[in-house]
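All remarks here apply to the structure that follows.
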Amino acid sequence: MENVKKIILISGKRKSGKDHISATLQNIVRDRSQIVRISEPIKTEWAKRLNLNLNELLSDGPYKEKYRKDMIEWSEDVRAKDYGYFCRAAMLHAHSEIIIVSDIRRKTDIKYFLETYGVLVHTVRIMAKDEIRIERGWHFTKGVDDVASECDLDDYTQWDIVLQNNYAEDSGAGIKALREKFEF
């Protein structure tokens, strides 16, 4: 962790473009960066518990959606005992100069990173209109889109930068803003 100079926390609703923005940032800074996902240790532990296909669970396909609601409920129970559990697990192999955490979903995620890494932490909120998210494959799912994993940061206001990501030009402008803000 001594090599780490910036930790960029990316947040947004499902199908807002978090992964796209994260991957684009990583392509810009290349070998100086690494994408870390809090969802990875969640899915890894869930797959072990239920003997599921981890690669399918890590994908963006229908397999993951079959298990999402139960996985969220289980991970909430774990977080109730230790809010930083999955953040710590995700950061175990972080070693690059710039760490991009592509799936910040809760105030406690931000709290963990700020308490642990302080001034290295920068926060980004990705916004997309519901109709755009629907075009990208999102549909409202009760028990998924109306719980903390999707809604806890709706009223959070201390973002370092908020990006609109509805169209290609938004994405380009957002990446430009991020490059200027984070100086890369």
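Glycine residues also receive a Cβ, built from the backbone N, Cα and C atoms like all the rest.
Pulled from TrEMBL:
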- Lys13, Arg14, Lys15, Ser16, Gly17, Lys18, Asp19, Arg136: ATP binding site (BINDING)
- Asn165: substrate binding site (BINDING)
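Locations of recorded TrEMBL features on the structure.
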residue : record                 : Cβ neighbours (10 Å)
Lys13   : ATP binding site       : 20
Arg14   : ATP binding site       : 20
Lys15   : ATP binding site       : 19
Ser16   : ATP binding site       : 24
Gly17   : ATP binding site       : 25
Lys18   : ATP binding site       : 25
Asp19   : ATP binding site       : 17
Arg136  : ATP binding site       : 14
Asn165  : substrate binding site : 24
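When the Cα atoms are compared, Gly17 (ATP binding site) and Asn165 (substrate binding site) turn out to be 7 Å apart.
Between the alpha carbons (Cα) of Arg14 (ATP binding site) and Asn165 (substrate binding site) lies a span of roughly 12 Å. Each residue in Gly12, His20, Ile126, Ala128, Arg133, Trp138, Asn165 lies on the same chain as Lys13, Arg14, Lys15, Ser16, Gly17, Lys18, Asp19, Arg136 and has a C-beta within 8 Å of the C-beta centroid of that ATP site, without being one of the site residues. With respect to their backbone Cα atoms, Lys18 (ATP binding site) and Asn165 (substrate binding site) stand 9 Å from each other. The Cα of the residue listed as 'substrate binding site' lies closest to that of Ser16, out of the binding-site residues Ser16, Asp19, Arg136.
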